[in-house]
Amino acid sequence: MNHLYRSFKTIALVGKPRNDINLQMHKNLFHWLMERGYQVLVEKEVAITLELPFEHLATLEEIGHRAQLAIVIGGDGNMLGRARVLAKYDIPLIGINRGNLGFLTDIDPKNAYSQLEACLERGEFFVEERFLLEAKIERASEIVSTSNAVNEAVIHPAKIAHMIDFHVYINDKFAFSQRSDGLIVSTPTGSTAYSLSAGGPILTPNLNAIALVPMFPHTLTSRPLVVDGDSKISIRFAEHNTSQLEVGCDSQITLPFTPDDVVHIQKSEHKLRLLHLKIIIITMC
């Protein structure tokens, strides 16, 4: 039993419903939690759509300050978007999978209420921490933009299918130069996402490691590189590159930059705290 469940007084429902079925689940779960005596906050846009009383509306930032648990209803994309914001508030998240793969969303919607009851009323869960990446754009010795990423930060040209030349430094030491369509810098969580499709290695979630995976490199010898998770990665660009470059964080946030800028990527100070169901396995002897 995890005694953390006793601290769950205010629970938030977050996620962006893609259809009426998902929207109805928000509504049903809202009433289910209210009937059990919890204070319930609902992400603002969803709460307005459901015409819930004003006191239950909250932005993600307000949820971070007020809730002790966030339930994400949707697929991994919903989890990624909410995790980037809520991680800095140290609030744990648990997901009900209404998407496709559900790598980060544990709960089966068909058994959602019984599984949530086990978590919320009997503490049958464990907490897993996963680190995020922080991407920063340096321009004329000043940081002009920044974003977190749960899965990966991808350096690429804004123009589709256009090669770029860049130099990678690890802990301020030159590592390699490359000419390719871009570079994927991935966490262990993201190693089974975009990084995997580019030939990157699969890393177990508890590894303290970062993978650097080239995207269509113009060479026969370029291979993915795995470095220590506490490494500080800097990428500098040749002047002749296209003037429009981007860092994409989890394919949801975009940081534009130019070849004169420097991209810095390292482990974020914030962590994603995921609640997972405890699975009891009975073996026959």
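From the backbone N, Cα and C atoms, a Cβ is placed for every residue, glycine too.
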Q. Which one, Gln24, Gln252, is listed by Swiss-Prot in the same NAD(+) site as Asp76, Gly77, Asn151, Glu152, His162, Arg179, Asp181, Thr192, Ala193, Tyr194, Ser195, Leu196, Ser197?
A. Gln252
Q: Let me know the DSSP-derived helix, strand or coil state of Asp76 (active site, proton acceptor), please.
A: helix
(Q) Can you give me the same-chain residues 6 or more apart in sequence from Ser195 (NAD(+) binding site) with a CB-CB distance under 8 Å? (A) Asn151, Glu152, Ile184, Ser186, Pro201, Ala211, Val213, Pro224
Q: For Asp181 (NAD(+) binding site), just give me the three-state DSSP call.
A: coil
